[in-house]
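The block underneath contains the structure these notes are about, expressed in C-alpha coordinates.
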(Lines of atoms letter the chains of each structure in order from A; the text may use other names.)
(Lines give C-alpha, C1' and ligand atoms only; values in the text may rest on other atoms or scores of the structure.)
Protein backbone atom coordinates (compact mmCIF):
# COMPACT_ATOMS: atom_id res chain seq x y z
CA UNK A 1 0.00 0.00 0.00
CA UNK A 2 1.57 3.31 -0.98
CA UNK A 3 2.21 5.93 1.69
CA UNK A 4 -0.32 8.63 2.37
CA UNK A 5 1.79 11.47 1.00
CA UNK A 6 3.62 9.64 -1.78
CA UNK A 7 2.69 9.21 -5.44
CA UNK A 8 0.03 6.75 -6.33
CA UNK A 9 -0.47 4.42 -9.23
CA UNK A 10 -2.52 5.96 -12.05
CA UNK A 11 -5.97 4.54 -12.54
CA UNK A 12 -7.24 2.66 -15.57
CA UNK A 13 -9.08 4.60 -18.23
CA UNK A 14 -12.50 3.16 -17.30
CA UNK A 15 -12.25 4.01 -13.61
CA UNK A 16 -11.85 7.80 -13.47
CA UNK A 17 -15.34 8.58 -14.78
CA UNK A 18 -17.34 7.46 -11.75
CA UNK A 19 -14.59 8.32 -9.33
CA UNK A 20 -14.13 11.87 -10.50
CA UNK A 21 -17.86 12.53 -10.61
CA UNK A 22 -18.27 11.38 -7.03
CA UNK A 23 -15.16 13.17 -5.80
CA UNK A 24 -15.77 16.40 -7.61
CA UNK A 25 -19.29 16.92 -6.19
CA UNK A 26 -19.38 17.19 -2.38
CA UNK A 27 -23.20 16.99 -2.39
CA UNK A 28 -23.25 13.44 -3.72
CA UNK A 29 -20.47 12.44 -1.36
CA UNK A 30 -22.54 13.60 1.59
CA UNK A 31 -25.57 11.67 0.32
CA UNK A 32 -23.53 8.48 0.01
CA UNK A 33 -22.18 8.99 3.52
CA UNK A 34 -25.68 9.53 4.92
CA UNK A 35 -27.07 6.45 3.18
CA UNK A 36 -24.19 4.27 4.36
CA UNK A 37 -24.53 5.42 7.96
CA UNK A 38 -28.30 4.87 7.89
CA UNK A 39 -27.85 1.36 6.56
CA UNK A 40 -25.37 0.55 9.30
CA UNK A 41 -27.78 1.79 11.98
CA UNK A 42 -30.75 -0.11 10.54
CA UNK A 43 -28.70 -3.27 10.17
CA UNK A 44 -27.62 -3.12 13.80
CA UNK A 45 -31.22 -2.63 14.97
CA UNK A 46 -32.55 -5.49 12.83
CA UNK A 47 -29.90 -7.86 14.15
CA UNK A 48 -30.51 -6.82 17.77
CA UNK A 49 -34.30 -7.11 17.60
CA UNK A 50 -34.13 -10.41 15.73
CA UNK A 51 -31.89 -11.97 18.37
CA UNK A 52 -34.17 -10.67 21.11
CA UNK A 53 -37.14 -12.34 19.46
CA UNK A 54 -35.20 -15.57 19.08
CA UNK A 55 -34.49 -15.55 22.81
CA UNK A 56 -38.20 -15.47 23.70
CA UNK A 57 -39.40 -18.47 21.72
CA UNK A 58 -38.35 -22.00 20.92
CA UNK A 59 -40.76 -22.54 18.04
CA UNK A 60 -39.01 -23.38 14.75
CA UNK A 61 -41.46 -21.38 12.63
CA UNK A 62 -40.89 -18.17 14.53
CA UNK A 63 -37.16 -18.64 14.82
CA UNK A 64 -36.82 -19.18 11.06
CA UNK A 65 -38.83 -16.07 10.33
CA UNK A 66 -36.60 -13.69 12.34
CA UNK A 67 -34.64 -11.82 9.56
CA UNK A 68 -31.27 -11.42 11.30
CA UNK A 69 -29.61 -12.40 8.04
CA UNK A 70 -31.18 -9.32 6.41
CA UNK A 71 -29.78 -7.21 9.22
CA UNK A 72 -26.24 -8.47 8.61
CA UNK A 73 -26.46 -7.74 4.89
CA UNK A 74 -27.69 -4.20 5.55
CA UNK A 75 -24.90 -3.63 8.06
CA UNK A 76 -22.29 -4.77 5.54
CA UNK A 77 -23.80 -2.59 2.81
CA UNK A 78 -23.68 0.47 5.05
CA UNK A 79 -20.04 -0.21 5.87
CA UNK A 80 -19.16 -0.39 2.16
CA UNK A 81 -21.01 2.88 1.61
CA UNK A 82 -18.88 4.66 4.22
CA UNK A 83 -15.73 3.21 2.65
CA UNK A 84 -16.83 4.42 -0.80
CA UNK A 85 -17.18 7.94 0.61
CA UNK A 86 -13.70 7.78 2.13
CA UNK A 87 -12.05 5.97 -0.79
CA UNK A 88 -14.12 6.67 -3.90
CA UNK A 89 -12.85 3.78 -5.99
CA UNK A 90 -15.03 2.58 -8.82
CA UNK A 91 -14.82 -1.01 -7.59
CA UNK A 92 -16.02 -0.01 -4.12
CA UNK A 93 -18.88 2.03 -5.54
CA UNK A 94 -19.93 -0.81 -7.80
CA UNK A 95 -19.85 -3.25 -4.91
CA UNK A 96 -21.90 -0.86 -2.77
CA UNK A 97 -24.50 -0.59 -5.51
CA UNK A 98 -24.77 -4.36 -5.96
CA UNK A 99 -24.91 -5.04 -2.22
CA UNK A 100 -27.62 -2.42 -1.77
CA UNK A 101 -29.67 -4.09 -4.47
CA UNK A 102 -29.32 -7.45 -2.70
CA UNK A 103 -30.32 -5.85 0.60
CA UNK A 104 -33.48 -4.54 -1.01
CA UNK A 105 -34.61 -8.08 -1.80
CA UNK A 106 -33.52 -9.54 1.55
CA UNK A 107 -35.22 -6.82 3.57
CA UNK A 108 -38.35 -7.18 1.52
CA UNK A 109 -38.47 -10.91 2.29
CA UNK A 110 -37.64 -10.34 5.96
CA UNK A 111 -40.37 -7.76 6.35
CA UNK A 112 -42.96 -10.16 4.92
CA UNK A 113 -41.91 -13.04 7.19
CA UNK A 114 -41.72 -10.92 10.33
CA UNK A 115 -45.14 -9.43 9.71
CA UNK A 116 -46.72 -12.86 9.21
CA UNK A 117 -45.19 -14.22 12.42
CA UNK A 118 -46.28 -11.12 14.34
CA UNK A 119 -49.87 -11.70 13.25
CA UNK A 120 -49.57 -15.36 14.26
CA UNK A 121 -48.34 -14.47 17.75
CA UNK A 122 -51.10 -11.92 18.20
CA UNK A 123 -53.73 -14.54 17.30
CA UNK A 124 -52.55 -17.08 19.88
CA UNK A 125 -54.07 -15.54 22.96
CA UNK A 126 -54.44 -18.58 25.20
CA UNK A 127 -51.19 -19.24 27.06
CA UNK A 128 -50.58 -21.80 29.81
CA UNK A 129 -47.53 -22.59 31.93
CA UNK A 130 -46.68 -26.28 31.61
CA UNK A 131 -43.88 -28.16 33.38
CA UNK A 132 -42.00 -30.93 31.55
CA UNK A 133 -39.48 -32.73 33.74
CA UNK A 134 -38.77 -29.75 35.96
CA UNK A 135 -38.75 -27.47 32.93
CA UNK A 136 -41.42 -24.81 32.63
CA UNK A 137 -42.72 -23.86 29.20
CA UNK A 138 -45.43 -21.39 28.16
CA UNK A 139 -47.68 -22.88 25.54
CA UNK A 140 -49.91 -20.49 23.61
CA UNK A 141 -52.70 -21.57 21.34
CA UNK A 142 -55.89 -20.33 19.83
CA UNK A 143 -58.74 -20.23 22.36
CA UNK A 144 -61.80 -22.36 21.79
CA UNK A 145 -65.21 -21.10 22.84
CA UNK A 146 -66.47 -24.43 24.11
CA UNK A 147 -63.27 -25.42 25.94
CA UNK A 148 -60.72 -23.65 28.06
CA UNK A 149 -57.69 -25.67 26.93
CA UNK A 150 -55.59 -25.89 23.78
CA UNK A 151 -56.49 -28.38 21.12
CA UNK A 152 -53.86 -30.43 19.38
CA UNK A 153 -55.27 -29.60 15.98
CA UNK A 154 -54.37 -25.88 15.99
CA UNK A 155 -51.15 -23.93 15.95
CA UNK A 156 -49.19 -23.74 19.18
CA UNK A 157 -46.42 -21.44 20.31
CA UNK A 158 -43.87 -22.32 22.90
CA UNK A 159 -42.33 -19.44 24.83
CA UNK A 160 -39.54 -19.29 27.33
CA UNK A 161 -41.10 -18.16 30.60
CA UNK A 162 -38.88 -15.31 31.70
CA UNK A 163 -41.59 -14.51 34.21
CA UNK A 164 -44.59 -16.32 35.54
CA UNK A 165 -46.99 -14.32 33.34
CA UNK A 166 -46.90 -16.03 29.93
CA UNK A 167 -49.25 -13.51 28.35
CA UNK A 168 -46.70 -10.71 28.94
CA UNK A 169 -44.02 -12.75 27.19
CA UNK A 170 -46.33 -13.25 24.19
CA UNK A 171 -47.05 -9.56 23.91
CA UNK A 172 -43.35 -8.75 24.07
CA UNK A 173 -42.62 -11.20 21.26
CA UNK A 174 -45.39 -9.71 19.16
CA UNK A 175 -43.97 -6.20 19.59
CA UNK A 176 -40.49 -7.35 18.65
CA UNK A 177 -41.71 -9.04 15.48
CA UNK A 178 -43.63 -5.94 14.39
CA UNK A 179 -40.53 -3.83 15.09
CA UNK A 180 -38.42 -6.10 12.91
CA UNK A 181 -41.00 -5.81 10.16
CA UNK A 182 -40.89 -2.00 10.30
CA UNK A 183 -37.08 -1.95 10.33
CA UNK A 184 -36.99 -4.19 7.29
CA UNK A 185 -39.32 -1.86 5.44
CA UNK A 186 -37.10 1.15 6.24
CA UNK A 187 -33.99 -0.76 5.22
CA UNK A 188 -35.63 -1.68 1.93
CA UNK A 189 -36.30 1.99 1.17
CA UNK A 190 -32.77 3.12 2.12
CA UNK A 191 -31.09 0.38 0.12
CA UNK A 192 -33.27 1.15 -2.88
CA UNK A 193 -32.23 4.84 -2.74
CA UNK A 194 -28.56 3.91 -2.48
CA UNK A 195 -28.84 1.56 -5.44
CA UNK A 196 -30.64 4.13 -7.57
CA UNK A 197 -28.16 6.89 -6.76
CA UNK A 198 -25.08 4.80 -7.53
CA UNK A 199 -26.61 3.49 -10.72
CA UNK A 200 -27.60 6.98 -11.88
CA UNK A 201 -24.13 8.28 -11.07
CA UNK A 202 -22.35 5.65 -13.13
CA UNK A 203 -24.80 5.89 -16.02
CA UNK A 204 -24.55 9.70 -16.14
CA UNK A 205 -20.76 9.51 -16.19
CA UNK A 206 -20.89 7.00 -19.05
CA UNK A 207 -23.36 9.11 -21.00
CA UNK A 208 -21.28 12.26 -20.58
CA UNK A 209 -18.18 10.40 -21.65
CA UNK A 210 -20.01 9.06 -24.69
CA UNK A 211 -21.61 12.27 -25.97
CA UNK A 212 -19.18 14.84 -24.54
CA UNK A 213 -15.75 13.23 -24.37
CA UNK A 214 -13.95 16.57 -23.82
CA UNK A 215 -16.40 17.81 -21.19
CA UNK A 216 -16.88 14.75 -19.07
CA UNK A 217 -15.66 16.61 -16.02
CA UNK A 218 -17.83 19.12 -14.28
CA UNK A 219 -17.04 22.76 -14.89
CA UNK A 220 -18.44 23.78 -11.52
CA UNK A 221 -15.97 25.67 -9.32
CA UNK A 222 -17.05 23.62 -6.28
CA UNK A 223 -16.28 20.36 -8.12
CA UNK A 224 -12.51 20.51 -8.52
CA UNK A 225 -10.12 17.68 -7.84
CA UNK A 226 -7.27 18.77 -5.54
CA UNK A 227 -3.76 18.47 -6.90
CA UNK A 228 -1.64 15.60 -5.65
CA UNK A 229 -4.49 13.10 -5.19
CA UNK A 230 -5.40 10.07 -7.23
CA UNK A 231 -8.28 12.00 -8.76
CA UNK A 232 -6.05 14.71 -10.27
CA UNK A 233 -6.88 15.20 -13.92
CA UNK A 234 -4.48 16.22 -16.69
CA UNK A 235 -4.85 19.83 -17.82
CA UNK A 236 -6.35 20.39 -21.25
CA UNK A 237 -3.87 22.62 -23.06
CA UNK A 238 -6.29 23.21 -25.93
CA UNK A 239 -8.43 25.36 -23.64
CA UNK A 240 -5.46 27.23 -22.13
CA UNK A 241 -5.56 30.99 -22.62
CA UNK A 242 -2.29 32.83 -22.30
CA UNK A 243 -2.30 35.93 -20.07
CA UNK A 244 -2.05 39.38 -21.56
CA UNK A 245 1.51 40.64 -22.02
CA UNK A 246 2.61 43.67 -20.01
CA UNK A 247 2.48 47.07 -21.70
CA UNK A 248 5.63 48.15 -23.55
CA UNK A 249 8.14 50.24 -21.65
CA UNK A 250 9.22 53.55 -23.08
CA UNK A 251 12.17 55.21 -21.31
CA UNK A 252 11.64 58.85 -20.37
CA UNK A 253 13.12 61.52 -22.58
CA UNK A 254 14.95 64.29 -20.78
CA UNK A 255 15.22 66.63 -23.74
CA UNK A 256 13.53 69.88 -24.61
CA UNK A 257 10.91 69.46 -27.30
CA UNK A 258 10.12 72.07 -29.96
CA UNK A 259 6.59 72.42 -28.53
CA UNK A 260 7.88 73.36 -25.09
CA UNK A 261 10.40 75.83 -26.54
CA UNK A 262 7.76 77.45 -28.74
CA UNK A 263 5.97 78.78 -25.64
CA UNK A 264 9.07 80.80 -24.70
CA UNK A 265 8.79 82.95 -27.80
CA UNK A 266 12.17 81.81 -29.16
CA UNK A 267 11.64 81.71 -32.92
CA UNK A 268 14.88 81.40 -34.87
CA UNK A 269 15.12 81.05 -38.63
CA UNK A 270 18.75 80.26 -39.33
CA UNK A 271 20.13 79.58 -42.75
CA UNK A 272 21.54 76.17 -43.54
CA UNK A 273 25.17 75.78 -42.49
CA UNK A 274 27.85 73.09 -42.24
CA UNK A 275 27.00 72.88 -38.53
CA UNK A 276 23.89 70.90 -39.43
CA UNK A 277 25.94 68.38 -41.38
CA UNK A 278 28.50 68.14 -38.58
CA UNK A 279 25.97 67.26 -35.86
CA UNK A 280 23.38 65.65 -38.15
CA UNK A 281 20.60 68.06 -37.14
CA UNK A 282 18.85 71.03 -38.73
CA UNK A 283 19.46 74.47 -37.24
CA UNK A 284 16.31 76.15 -38.55
CA UNK A 285 14.02 74.97 -35.74
CA UNK A 286 14.02 75.64 -31.98
CA UNK A 287 14.34 71.91 -31.20
CA UNK A 288 17.86 71.68 -32.63
CA UNK A 289 19.28 73.83 -29.83
CA UNK A 290 18.71 70.84 -27.56
CA UNK A 291 19.36 67.76 -29.71
CA UNK A 292 17.79 64.54 -28.46
CA UNK A 293 20.93 62.59 -29.37
CA UNK A 294 24.35 63.50 -28.02
CA UNK A 295 26.85 64.84 -30.58
CA UNK A 296 29.45 62.41 -31.89
CA UNK A 297 32.72 62.14 -29.97
CA UNK A 298 35.34 64.70 -30.82
CA UNK A 299 37.91 62.03 -31.60
CA UNK A 300 35.57 60.43 -34.15
CA UNK A 301 34.99 63.75 -35.91
CA UNK A 302 38.66 64.72 -35.92
CA UNK A 303 39.62 61.27 -37.14
CA UNK A 304 37.94 62.07 -40.46
CA UNK A 305 40.23 65.09 -41.06
CA UNK A 306 43.82 64.83 -42.36
CA UNK A 307 46.61 64.40 -39.85
CA UNK A 308 48.15 67.85 -40.46
CA UNK A 309 45.82 70.80 -40.10
CA UNK A 310 46.24 74.38 -41.14
CA UNK A 311 46.58 77.00 -38.42
CA UNK A 312 44.72 80.28 -38.73
CA UNK A 313 44.53 83.52 -36.87
CA UNK A 314 41.36 84.00 -34.79
CA UNK A 315 39.10 86.80 -35.75
CA UNK A 316 38.27 89.16 -32.93
CA UNK A 317 34.91 90.92 -33.02
CA UNK A 318 34.16 93.89 -30.83
CA UNK A 319 30.44 94.13 -30.05
CA UNK A 320 29.05 97.10 -28.18
CA UNK A 321 25.53 98.48 -27.78
CA UNK A 322 24.45 102.08 -27.34
CA UNK A 323 23.08 101.41 -23.83
CA UNK A 324 26.29 99.82 -22.46
CA UNK A 325 29.35 101.04 -24.38
CA UNK A 326 31.82 99.42 -21.97
CA UNK A 327 30.67 95.90 -22.74
CA UNK A 328 32.91 94.15 -25.24
CA UNK A 329 33.44 90.48 -26.07
CA UNK A 330 35.80 88.55 -28.26
CA UNK A 331 34.42 85.56 -30.16
CA UNK A 332 35.78 83.39 -32.89
CA UNK A 333 33.82 82.90 -36.08
CA UNK A 334 33.93 79.18 -36.94
CA UNK A 335 32.86 79.00 -40.57
CA UNK A 336 34.35 75.78 -41.92
CA UNK A 337 35.85 75.90 -45.36
CA UNK A 338 34.93 72.31 -46.17
CA UNK A 339 32.72 69.52 -44.83
CA UNK A 340 35.64 68.07 -42.87
CA UNK A 341 36.68 71.33 -41.20
CA UNK A 342 36.41 71.94 -37.47
CA UNK A 343 35.25 74.94 -35.39
CA UNK A 344 37.79 77.72 -35.08
CA UNK A 345 39.61 78.17 -31.81
CA UNK A 346 39.40 81.00 -29.35
CA UNK A 347 42.29 82.97 -28.07
CA UNK A 348 45.70 83.21 -29.63
CA UNK A 349 47.44 80.67 -31.84
CA UNK A 350 51.06 80.38 -32.83
CA UNK A 351 52.11 80.81 -36.44
CA UNK A 352 55.53 79.28 -36.16
CA UNK A 353 56.27 75.58 -36.33
CA UNK A 354 57.10 73.60 -33.21
CA UNK A 355 60.21 71.43 -33.22
CA UNK A 356 60.61 68.66 -30.68
CA UNK A 357 63.79 68.75 -28.65
CA UNK A 358 65.98 65.69 -28.11
CA UNK A 359 64.75 65.29 -24.51
CA UNK A 360 61.11 65.05 -25.62
CA UNK A 361 60.02 68.66 -24.91
CA UNK A 362 58.82 71.15 -27.46
CA UNK A 363 60.85 74.14 -28.61
CA UNK A 364 58.60 77.08 -29.34
CA UNK A 365 59.82 79.78 -31.75
CA UNK A 366 59.66 83.48 -31.15
CA UNK A 367 56.03 84.66 -31.43
CA UNK A 368 55.29 86.78 -34.46
CA UNK A 369 53.25 89.97 -34.19
CA UNK A 370 50.75 90.34 -37.06
CA UNK A 371 50.62 93.60 -38.93
CA UNK A 372 47.75 95.72 -37.56
CA UNK A 373 45.06 96.74 -39.99
CA UNK A 374 44.52 100.49 -40.36
CA UNK A 375 41.17 101.86 -39.30
CA UNK A 376 40.57 103.53 -42.65
CA UNK A 377 40.65 100.22 -44.47
CA UNK A 378 37.41 98.38 -45.16
CA UNK A 379 36.86 94.84 -43.85
CA UNK A 380 37.09 93.49 -47.42
CA UNK A 381 40.49 95.08 -47.93
CA UNK A 382 41.67 93.87 -44.56
CA UNK A 383 40.66 90.33 -45.42
CA UNK A 384 42.47 90.51 -48.78
CA UNK A 385 45.62 91.83 -47.16
CA UNK A 386 45.47 89.08 -44.58
CA UNK A 387 45.25 86.52 -47.38
CA UNK A 388 48.09 88.09 -49.34
CA UNK A 389 50.43 88.08 -46.36
CA UNK A 390 52.65 84.98 -46.52
CA UNK A 391 52.43 82.63 -43.62
CA UNK A 392 55.77 81.87 -42.01
CA UNK A 393 54.76 78.33 -41.15
CA UNK A 394 52.08 75.97 -40.05
CA UNK A 395 51.39 74.52 -36.65
CA UNK A 396 51.09 70.72 -36.34
CA UNK A 397 48.08 70.23 -34.11
CA UNK A 398 47.20 67.13 -32.17
CA UNK A 399 44.32 64.99 -33.37
CA UNK A 400 42.47 65.55 -30.09
CA UNK A 401 43.06 69.32 -29.97
CA UNK A 402 39.67 71.07 -29.64
CA UNK A 403 41.16 74.44 -30.58
CA UNK A 404 42.32 73.43 -34.04
CA UNK A 405 41.60 75.95 -36.78
CA UNK A 406 40.87 75.47 -40.43
CA UNK A 407 42.45 78.29 -42.39
CA UNK A 408 42.54 82.03 -42.69
CA UNK A 409 39.96 81.80 -45.43
CA UNK A 410 37.32 80.74 -42.90
CA UNK A 411 38.09 83.85 -40.86
CA UNK A 412 38.01 86.25 -43.76
CA UNK A 413 34.69 85.07 -45.12
CA UNK A 414 32.74 86.25 -42.08
CA UNK A 415 34.04 89.84 -42.20
CA UNK A 416 31.95 91.02 -45.19
CA UNK A 417 28.79 89.78 -43.47
CA UNK A 418 29.63 91.71 -40.31
CA UNK A 419 30.35 94.83 -42.38
CA UNK A 420 26.98 94.57 -44.07
CA UNK A 421 25.29 94.23 -40.71
CA UNK A 422 27.13 97.31 -39.44
CA UNK A 423 26.05 99.30 -42.47
CA UNK A 424 22.40 98.41 -41.92
CA UNK A 425 22.57 99.33 -38.23
CA UNK A 426 24.10 102.70 -39.04
CA UNK A 427 21.41 103.42 -41.64
CA UNK A 428 18.45 102.50 -39.46
CA UNK A 429 19.74 104.18 -36.33
CA UNK A 430 18.35 101.58 -33.94
CA UNK A 431 19.98 102.13 -30.51
CA UNK A 432 19.51 98.46 -29.50
CA UNK A 433 21.21 97.00 -32.55
CA UNK A 434 24.68 95.56 -32.49
CA UNK A 435 27.75 97.16 -34.00
CA UNK A 436 30.93 95.58 -35.10
CA UNK A 437 34.33 96.97 -34.24
CA UNK A 438 36.23 99.32 -36.54
CA UNK A 439 39.02 96.84 -36.91
CA UNK A 440 40.80 93.96 -35.33
CA UNK A 441 43.02 94.48 -32.34
CA UNK A 442 46.55 93.21 -32.38
CA UNK A 443 46.74 90.26 -30.10
CA UNK A 444 49.78 88.70 -28.54
CA UNK A 445 50.15 85.16 -29.74
CA UNK A 446 50.86 82.51 -27.17
CA UNK A 447 52.68 79.31 -27.74
CA UNK A 448 50.76 76.11 -27.43
CA UNK A 449 52.33 72.74 -26.92
CA UNK A 450 51.99 70.02 -29.50
CA UNK A 451 49.89 67.72 -27.35
CA UNK A 452 47.18 68.84 -24.98
CA UNK A 453 46.30 67.01 -21.76
CA UNK A 454 43.37 64.65 -22.02
CA UNK A 455 41.60 66.50 -19.20
CA UNK A 456 41.22 69.53 -21.47
CA UNK A 457 40.18 67.40 -24.40
CA UNK A 458 37.43 65.77 -22.36
CA UNK A 459 35.99 69.15 -21.33
CA UNK A 460 33.03 69.00 -23.68
CA UNK A 461 30.93 71.60 -21.89
CA UNK A 462 33.15 74.55 -22.75
CA UNK A 463 33.72 73.41 -26.32
CA UNK A 464 30.01 72.91 -26.97
CA UNK A 465 29.16 76.32 -25.50
CA UNK A 466 31.84 77.97 -27.61
CA UNK A 467 30.55 76.33 -30.78
CA UNK A 468 26.97 77.34 -29.96
CA UNK A 469 27.91 80.98 -29.38
CA UNK A 470 29.95 81.00 -32.56
CA UNK A 471 26.99 79.72 -34.54
CA UNK A 472 24.78 82.42 -33.04
CA UNK A 473 27.26 85.07 -34.17
CA UNK A 474 27.70 83.49 -37.57
CA UNK A 475 24.01 83.28 -38.39
CA UNK A 476 22.93 86.43 -36.53
CA UNK A 477 20.70 88.64 -38.64
CA UNK A 478 20.31 92.33 -38.19
CA UNK A 479 16.57 92.00 -37.61
CA UNK A 480 16.70 89.63 -34.64
CA UNK A 481 14.10 90.21 -31.88
CA UNK A 482 15.07 91.95 -28.69
CA UNK A 483 14.74 88.77 -26.64
CA UNK A 484 17.18 86.90 -28.86
CA UNK A 485 19.68 89.73 -28.78
CA UNK A 486 19.44 89.78 -24.99
CA UNK A 487 20.11 86.04 -24.78
CA UNK A 488 23.07 86.25 -27.16
CA UNK A 489 24.52 89.20 -25.27
CA UNK A 490 24.26 87.35 -21.98
CA UNK A 491 26.03 84.31 -23.39
CA UNK A 492 28.76 86.47 -24.89
CA UNK A 493 29.36 88.29 -21.63
CA UNK A 494 29.65 85.01 -19.76
CA UNK A 495 32.04 83.59 -22.34
CA UNK A 496 34.14 86.77 -22.17
CA UNK A 497 34.42 86.54 -18.40
CA UNK A 498 35.61 82.96 -18.63
CA UNK A 499 38.11 83.60 -21.44
CA UNK A 500 41.09 84.59 -19.21
CA UNK A 501 40.66 81.55 -17.00
CA UNK A 502 40.55 79.26 -19.99
CA UNK A 503 43.68 80.81 -21.45
CA UNK A 504 45.49 80.43 -18.14
CA UNK A 505 44.39 76.80 -17.90
CA UNK A 506 45.60 76.08 -21.43
CA UNK A 507 48.89 77.82 -20.82
CA UNK A 508 49.40 75.98 -17.52
CA UNK A 509 48.59 72.66 -19.14
CA UNK A 510 51.13 73.36 -21.85
CA UNK A 511 53.83 74.14 -19.28
CA UNK A 512 53.05 70.98 -17.32
CA UNK A 513 53.09 68.97 -20.53
CA UNK A 514 56.56 70.26 -21.38
CA UNK A 515 57.84 69.31 -17.94
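From the backbone N, Cα and C atoms, a Cβ is placed for every residue, glycine too.
For the ranges 89-109, 110-130, the feature annotated in Swiss-Prot as transmembrane segment maps to 89-109. Taking Swiss-Prot as the reference, the stretch among 176-196, 197-217, 218-238, 239-259 described by the feature transmembrane segment is residues 176-196.
Under 8 Å from some Cβ of the transmembrane segment (31-51) lie the Cβ atoms of residues 22, 66-68, 70-85, 96, 100, 103, 110, 176, 179-180, 183-184, 186-187, 190-191, 193-194, 197-198, all in the same chain and six or more residues away from its ends. For the transmembrane segment (89-109), same-chain residues at least 6 beyond its ends with a Cβ under 8 Å from one of its own Cβ atoms are 14-15, 17-19, 22, 32, 36, 39, 67, 69-70, 73-74, 76-77, 80-81, 83, 184-185, 187-188, 191-192, 194-195, 198-199, 201-202.
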